[in-house]
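Trainee: Pasting a structure here, questions to come.
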Amino acid sequence: MHPLKSLLLAALTLSSTLTLTTATTISGSSSSTTPTYSITEPTSGAIISLNTATVISWNTSAPSTSKLSIHLSKTTNDTNLYTIASNISNSGSISWSPPSRVGTGSDYIVVLEPSDSSESYKSDAFTISSSTNASTTYYPTQGEVVKTGQTTIITWEVERNVSEVSIYLMEGTLNGNGTGNGTGLKNVTTITTDIANSGDVACVLPGSVKSGDDYRFAIVDVKDAGRVKYSAVFEVVNSGDDSSSSSSDEGAGSGEGIESRQHKIQAVAQLASQKGLENVVDAV
């Protein structure tokens, strides 16, 4: 073969090889991005009771068709203490009740493992406590902040033989056996009465409720007032001061007050529709 022709052929071969290598490198780098996960609940310091339903939730850019597994572990070791869910869809949240055999402790974490990745993602540390009647609702959770004037979701365990319930906002502490009898627990305001025992309701706490860290909801059987479910203790934050609340109350009959109330009702209804809630209450 002519030397010039051989040189030209070698140059063409080298050029093709470099082009293919560059294209492969670029293509490989663009597909190496792996979705990350962030566990949003349980939150740091949350208190979860044994045999009581709670929620594990997470955020991710991965599609809902992705699969993952979740297990319970501790900050002091890296072992699987209890499998919570295995090879489930990436729904963003699941409900879980810690069984008695898990035991109590303050250094528990939830570990999420995507099926298509070797990475694992851990929650903040939380506490698992012994089961008590003082925490029989799913939401609000222990120590959660609820703001006045904003939509609050209350969910609770449904008992089949209870058809209707009334819900009240209470302030104070329960006695040792988890009831409100003979204690300083007082009724602050009525959230709703005689609604279907569906297990969920959306409401807006009124501006008259003052800030405090010892509030809880009471879900009462309409036919038997002695049957009460108390939520975990949560905090109420009222961003308005007394003077603004007074001026707002004085102007309740004005057009501005009516529009504000209508806006809140619409906001609650919209959120309830998005979440599929059966009961909607405006407690303003």
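Glycine is no exception: its Cβ is also placed from the backbone N, Cα and C atoms.
As listed in TrEMBL for this protein:
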type	residues	note
COMPBIAS	239-251	compositional bias 'Low complexity'
DOMAIN	42-128	domain 'Yeast cell wall synthesis Kre9/Knh1-like N-terminal'
DOMAIN	140-236	domain 'Yeast cell wall synthesis Kre9/Knh1-like N-terminal'
REGION	239-260	region 'Disordered'
SIGNAL	1-23	signal peptide
Trainee: Go ahead and report the DSSP secondary structure tallies for the domain 'Yeast cell wall synthesis Kre9/Knh1-like N-terminal' (42-128): helix first, then strand, then coil.
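Mentor: Breakdown, helix to coil: 3 helix, 45 strand, 39 coil.
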Trainee: Please work out the mean pLDDT for the residues of the domain 'Yeast cell wall synthesis Kre9/Knh1-like N-terminal' (140-236).
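Mentor: Mean model confidence (pLDDT) across the domain 'Yeast cell wall synthesis Kre9/Knh1-like N-terminal' (140-236) is 86.
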